[in-house]
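As given in TrEMBL:
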DOMAIN    8-86  domain 'Phosphoesterase HXTX'
MOTIF     37-40  motif 'HXTX 1'
ACT_SITE  His37  active site, proton donor
DOMAIN    92-165  domain 'Phosphoesterase HXTX'
ACT_SITE  His121  active site, proton acceptor
MOTIF     121-124  motif 'HXTX 2'
Amino acid sequence: MYRLFVAIDLPGSVRAQLADLGRELDGVRLVPPDQLHLTLRFIGNADDECFQRIKDSLATVTSPPFTLALAGVGCFPSPRRPRVIWAGITPNERLTLLQRAVEKAVAAAGIPPEERPFCPHITLARLKEAIPEGFPAFQSRHGGLSAEPFTVEEFLLYSSTLTAGSALHRREASYRLTG
């Protein structure tokens, strides 16, 4: 059984910047720098047959490479009760088109459509309890977060294994963007 998601990896320089940013927060569970990514579609559990259908269907996705840039920090579900602290992505039509193509490919493999709207972000940390002390100041300080834009040349299919307190991600397939 696989626990799957489709994502875009980040360049090392962006990972390092986001990891440094996360270290400013106390009382949170940071995402390890090597696991920072932008999720295009969380799929969930899939058996071997379903995994192969998804893998094959994603190979039909076409998109040219494009550029992304970070844009600020925020939290889900609300500033009063945050559970996830994230870095945002500047709105990008090519990213939206890629995400829609991934969604169609996953649906063609028999996975029910995602009902929530796509909200591109990179999870930096998770919280179990109250707002960490200093979060409002952190958000104010980094609301204008930006980094050197980076080119997206591929997307990936990952499996995720849950362990005590974290998840281990493994690349199952990569798909080059061409055109």
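Glycine is no exception: its Cβ is also placed from the backbone N, Cα and C atoms.
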Nearest-integer angstrom distance between the alpha carbons (Cα) of His121 (active site, proton acceptor) and His37 (active site, proton donor)
9
Going by C-beta under 8 A and a gap of 6 or more residues, the same-chain neighbours of the residue listed as 'active site, proton donor' are Ala7, Ile8, Asp9, Leu10, Ile122, Tyr158, His169
Using DSSP, tally how many residues of the motif 'HXTX 2' (121-124) sit in helix, strand and coil.
0 helix, 4 strand, 0 coil
